[in-house]
Amino acid sequence: MHGHMNRVRLLVFNAAIGALDYKVPEGMTVEPGSVVLAPLGPRQITGIVWDEKRLPANDVPASKLRALVEVMPVPPLSAPLRRLIEWTADYYCAPMSAVARMVISSGGALNGPATMTEYRLSGGMPERMTPQREVAMEALEGEQATIRELAGIAGVSEGVLRGLVNQGVIEPVSVAIDRPFPPADPDYDIPELEPEQREVADRLNEAVKARTFAPFLLDGVTGSGKTETYFEPMAEAVRMGRQVLVLLPEIALTENFLKRFEARFGASPVLWHSSLKSTERRRAWRAIADGTAQVVVGARSALFLPYRNLGLIVVDEAHEVSFKQDDGVRYNARDVSVMRARFEGFPVVLASATPALESLQMAESGVYEKLDLHSRYGGAELPHIERIDLTEEKPGAGRWLAPRLVAALEDRLAKGEQSLLFLNRRGFAPLTLCRNCGFRFQCPNCSAWLVEHRLSRRLACHHCGHETQPPDACPECGEPDCLVACGPGVERIADEVAEILPEARVAIATSDTLNSPERAAQFIAEAESGAVDIIVGTQLVTKGFHFPELTLVGVVDADLGLEGGDLRAAERTYQQIAQVAGRAGRGAKPGEVFLQTRHPTAPVIAALADGDREAFYEAETEARRMVGAPPFGRWAAIIISSEDDAEAREAANRLGASRPKVDELMILGPAPAPLALLRGRYRYRFLVNARRSVELQRIITGWISGQNFAPGVRVGVDIDPYSFV
Ligand code: ADP
Ligand code: ZN
């Protein structure tokens, strides 16, 4: 198809270099999308052969061009994937090189097949047996892994094992890093679907078979069995030999999902997330690229991988904020999923019990097909939601739980049922101050208070990770024992529960306590076995869990999410509380939910208590229409930052002075960003609001690229922002 290309333009992974042209040496064949190694100065760099017209021209004469070094042994990026890279870069005002880096996200994978050395017992005996050696040899019976992993398994030092290797008791084995993944069996255990589930699954199966673009919004109440339902079209795609991608928001919580997946398909899916080891990463990347990875379950970054033969994407909990990336390329995996499905021609399913307003709007206007699951699986009832007006029913002094909620906790404990207290605040207290002089502990790098973590005895910034030990005396006035914790975090609530109900077994579930898949799995196993009476958790526990004995949910501060007052505060609050409420009463026993609030008549709170989703969405839609917010208009945020405040301010002001004047486009700012100092950088912000008809990205790109910023200044563009800090 492609004639011999003897001059090619490369997209390289460094935005500052831009595009480079090379000569293709005699005997080498490349095509658009080929991943190649090229010389640059004394080094070699990786690049992708790209359509010349999409990259800045390069006027180096042919005689001066250097030759490509080699073509990497991976399949060329397909035309639709290259188009996705271009679209993502254009839409989010990001460099194409940065998007391409998300595709080539494993350097090792490019080097072709590789082996690694593992070790196992050889059957021989050591010259001299020691107690440690005996323990190790017993523990390693039937194991094969790296020395380091074996040392972990046997509970001995690596040195002990190396000694055994030297004596031939443990022998090396060479294994392919890229050994294939166990196959998923689409017919392993097909569940009996309820009629409503069956109807949805049949429609999705049909779409998978049609092999054409079809976007779906799967709108099902919490506990309706969305997972079981979308497993069916996944199985269909696997039967057809096509790949499936499932995007999940919180990778720490995939354990529950994986168990259900294994029960349905008889094998684990291929996992993709940021904490994979580099060998696991390259193994997954290569299997994805050669098409042998049948089902991939991953965090948002799995979306950009070079699937050879994708036939379906499912975005579960599609409303989740964690699908929006807030640094680097600021994309929303939910929206880019739909574009990928469109470019490659297959169905995409956005599943949620509380869809984003934008998604509902797309369904209403007929762009997405809406599929509904109205009732909970197995006849379970949706929980009853009640408000506790904190201005009337006050918690005791220094306490955060109102008497009615405490009584409900006592009642569940007596009945042997589980309860969940939800507060979206990690740590013990969000602010520590000095009673004597009023000093407040603030992060030196951010305009944020330090959060006290009493379990780990530290004061920590949740924005930059800065940590210190809480001192005994105030650092300002020197007064000893005068520091007080203000406000509650989950640890403080857990303490309160322990005081009121000393016999209750309490578990704290946050990203601090469930910081690895193993710990998350352990927590779930404990909760399922009934070893936990009361869970105190952050948003980490709002989704994915299914504990049949959990019958009470208490929302400690239902107003918390509304405080920020940003564009999405009401929607986020609604979604979060509806999701956490959805954890109650999923089994045979009905659930009850208490919302502690100071604003019981606020529209969000009232809609939740009345179980009136429509009322909330209608009010929110009207509010958005009034201010031209999405989906009626569009927003973009532009953040100018520098380590030097004056430099940042000056750059922002200069940019402001050259603002474009366009009809139906409004530019607010510059003003100090709500987080005016973040990770040591001073930040100024513009908010851009435009009608849908305006070419927002083109205008912003033109505006910014016309500027010469000082080297220390960074400019970040966030299209359709979710974070307003
Ligand atoms: P959702 O994601 O919609 O909140 P889940 O998919 O978690 O709901 O389903 C709730 C529970 O019902 C899960 O334990 C699930 O295994 C079970 N379930 C749903 N549908 C079926 C089915 N057809 N057969 C057996 N169990 C089902
Ligand atoms: Zn900080």
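Positions of Cβ are set from backbone N, Cα and C atoms, glycine also.
No curator has checked TrEMBL annotations; they are predicted automatically.
Not measured: the values here are computed from a predicted model.
The Zn(2+) 1 binding site annotation in TrEMBL covers CYS434, CYS437, CYS474, CYS477. Annotation comment: TrEMBL describes CYS443, CYS446, CYS461, CYS464 as Zn(2+) 2 binding site. The domain 'Helicase ATP-binding' feature in TrEMBL is assigned to 207-373.
When the Cα atoms are compared, CYS434 (Zn(2+) 1 binding site) and CYS464 (Zn(2+) 2 binding site) turn out to be 23 Å apart. In the three-state DSSP classification, CYS443 (Zn(2+) 2 binding site) falls within coil.
Candidate binding-site residues: CYS437, CYS474, CYS477. Nearest to CYS443 (Zn(2+) 2 binding site) by Cα distance: CYS474. The candidate set comprises the binding-site residues CYS443, CYS464. Of these, CYS443 has the most other Cβ atoms within 10 Å. Considering only the binding-site residues CYS434, CYS437, CYS446, CYS461, CYS474, the Cβ with the fewest other Cβ atoms within 10 Å is that of CYS437. Taking the centre of the Cβ atoms of CYS434, CYS437, CYS474, CYS477 as the Zn(2+) 1 site, the nearby residues of that chain (Cβ within 8 Å, site residues left out) are ARG435, ASN436, GLY438, PHE439, PRO475, GLU476, GLY478, GLU479, CYS482.
CYS474 (Zn(2+) 1 binding site) sits 20 Å from CYS446 (Zn(2+) 2 binding site), taking the CA atoms of both as reference points. Its own atom aside, the Cβ of CYS477 (Zn(2+) 1 binding site) has 12 Cβ atoms within 10 angstroms in the protein chains shown. Other residues of the same chain near the Zn(2+) 2 site, with their Cβ within 8 Å of the Cβ centroid of CYS443, CYS446, CYS461, CYS464, are PRO444, ASN445, ALA448, LEU450, HIS462, HIS463, GLY465, HIS466, LEU678, ARG679. For ligand 2, there are no nearby binding-site residues; that is, of CYS434, CYS437, CYS474, CYS477, none has a C-beta under 6 Å from one of its atoms.
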